[in-house]
Amino acid sequence: MKTKLQNNIAITVIRIIAALVVLILAFLLGDILISGVPHISWHFLTAPSQSFTSGGGIGVQLFNSIYLLILTLIISFPISLGAGIFLSEYAPKNFFTATVRMAIEVLSSLPSVVVGLFGFLLFVVQMDMGFSILSGAIALTFFNLPLLTRNIEESLRSVPDLQREAGLALGLSKWKTVTKIILPEALPGIITGVVLGAGRVFGEAAALIYTAGQSATNINFGNWNPFNSTSPLNLMRPAETLAVHIWKINSEGVMPDAAAVSAGSSAVLIIAVLIFNFSARLIGNRLYRKLTATK
Amino acid sequence: MGINKYDFNEKNILKFDSNEHEIAIATKKLQVFYGDNHALFDGDLEFERYKITSLIGASGSGKSTYLRSLNRMNDNVARVEGEIQYRGLNVNSKKINVYEMRKHIGMVFQRPNPFSKSISENITFALKEQGLKDKKKLEEVVESSLKDAALWDEVKDDLNKSAWSLSGGQQQRLCIARTIAMKPDILLLDEPASALDPISTSKIEETLVELKKRYTIIIVTHNMQQASRISDYTAFFHLGHILEYDKTKHIFTTPKVTATNDYISGNFG
């Protein structure tokens with residue numbers, strides 16, 4: 001009787017805690033969405049922001065966030081892929097591997113504001129890159145690299161060794177076995193990780209304040225030459241992202257509708273992150289089903 | 001009754017008269033070490049061409065270790081010493097191109113491990129990687145390999161379906177088909193039926209008996225009935241030593257070594 005009672009108490013406590021977590025999340029999301037969604041309109045999503053008058057939008061910031069995200073992924077994915085393949089398939093158990101692993105651990109636990117300040121000192125000041133999209137993308141790469149590497153390593157590791165043996169026993173080289181058999185099988189997990197990481201990068205502010213800068217310069221969406229300073233694709237222009245914009249409005253915003261813009265921006269940010277999360281699951285499941293054909 | 005009591009010098013190892021029998025592969029003083037653990041002692045066996053040879057013994061007797069050494073699948077996990085003689089070459093030498101060698105000495109594993117690809121791609125994948133591009137030729141290989149593995153009739157309409165949609169027994173026959181598509185000389189099988197039901201097992205056995213017309217087959221098995229049903233020769237492994245090697249019918253009716261006799265009468269293992 002006593003064991004049964006203990007069991008029931010434990011289960012009840014666990015249930016309450018779980019419900020509490022869901023409740024907090026629901027409250028947060030609900031609050032942000034309810035106060036923010038009414039401000040979202042096509043005009044709000046596309047118009048440039050205003051510093052002193054009301055009626056500004058977040059068009060440039062939204063574009064900056066997406067562009068920065070894409071750049072970050074372009075830089076960090078190949079590096080993480082290489083590091084992940086090395087750690088999962090080739091790394092011998094020695095001092096070097098242990099050091100790499102520890103470096104990744106440390107990098108993943110660095111506060112993002114420290115990464116941002118480091119980026120500021122090294123890229124913005126020392127290398128004279130200024131507040132620029134490129135500085136921001138590199139800072140975000142530091143931020144994203146350890147998580148992505150770990151995710152790729154785990155995904156590769158979760159493919160059973162039997163598959164590696166199958167490839168080798170057919171006379172394939174180790175490299176061919178890894179790239180043509182193991183990697184495709186790990187792909188659903190890798191894609192899921194990339195998209196989840198993208199959500200984190202999309203919402204990151206602290207690492208960008210001192211690297212990509214806090215100003216949304218006027219850009220001309222009719223000019224796609226990346227070497228032109230008003231082009232959206234220009235790598236060397238300062239670029240305030242959505243998350244930085246929210247931080248800035250709330251700390252020093254003087255426009256009359258600051259509260260509304262902040263609420264609307266937050267809602268857009270949350271919706272974007274939610275889309276990333278759900279699509280990560282969806283894409284991962286789809287790919288997995290397609291690969292294993294369990295329809 | 002302990003299993004350590006046997007005299008490892010009490011051996012009966014069959015040697016072939018090279019004028020009457022063609023040897024496909026042979027080992028001389030093959031030793032395997034996992035770190036400090038000496039897992040196989042002085043493995044000296046000759047395998048006759050176009051015959052099925054079973055390797056039997058209790059768990060941990062070294063039979064799988066021995067088999068996996070033959071195509072160097074143990075390279076990264078163990079230290080293998082001694083000679084493996086195949087077509088006048090010592091396969092266990094640093095100079096050997098292991099990837100090339102494994103095309104001649106193919107292997108099928110304990111658990112079915114098809115690739116997450118379609119049935120036909122499972123067979124054509126390695127061939128394509130070798131540079132075979134001719135579509136017609138590839139289709140022919142798919143058909144002939146699946147026929148050899150007695151799977152063609154069951155899957156001929158589903159060649160583009162994922163290999164994972166097959167049953168366990170079918171998957172294992174697909175793995176056999178995939179291996180023989182490489183046209184190996186020797187087929188190594190590591191307990192290929194241990195994860196399968198009796199019907200699938202008997203299908204695999206029929207397939208193997210059919211295949212020995214063109215391949216030399218070496219099979220590790222836990223199942224003594226299986227060894228006696230399908231194999232021509234049987235080697236008995238015990239604690240890393242090969243104690244007896246003879247024609248299968250001698251091993252199962254009149255074994256000469258005490259340990260073999262005890263094992264096949266079910267006294268241990």
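Residue positions begin at 1 at the first shown residue.
Glycine residues also receive a Cβ, built from the backbone N, Cα and C atoms like all the rest.
No curator has checked TrEMBL annotations; they are predicted automatically.
TrEMBL has this to say about the protein:
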- A:62-280: domain 'ABC transmembrane type-1' (DOMAIN)
- A:12-34: transmembrane segment (TRANSMEM)
- A:66-90: transmembrane segment (TRANSMEM)
- A:102-123: transmembrane segment (TRANSMEM)
- A:129-148: transmembrane segment (TRANSMEM)
- A:181-202: transmembrane segment (TRANSMEM)
- A:258-280: transmembrane segment (TRANSMEM)
Feature contact check the transmembrane segment (A:12-34) with the transmembrane segment (A:129-148), CB under 8 Å, 3 or more pairs: no
Given the transmembrane segment (A:66-90), its same-chain partners at Cβ distance under 8 Å and 6+ residues beyond its ends are 97, 100-101, 104, 133-134, 136-138, 140-141, 144-145, 148-153, 155-157, 174, 178, 182-183, 194, 198, 201-202, 208, 212, 232-233, 235, 239, 241
Beyond a gap of at least 6 residues from its ends, the CB atoms lying under 8 Å from the transmembrane segment (A:258-280) belong to 29, 32-33, 35-37, 39-40, 44-45, 49, 56, 58, 61-62, 65, 191-193, 195-196, 198-199, 202-203, 242-243, 245-246, 249-250
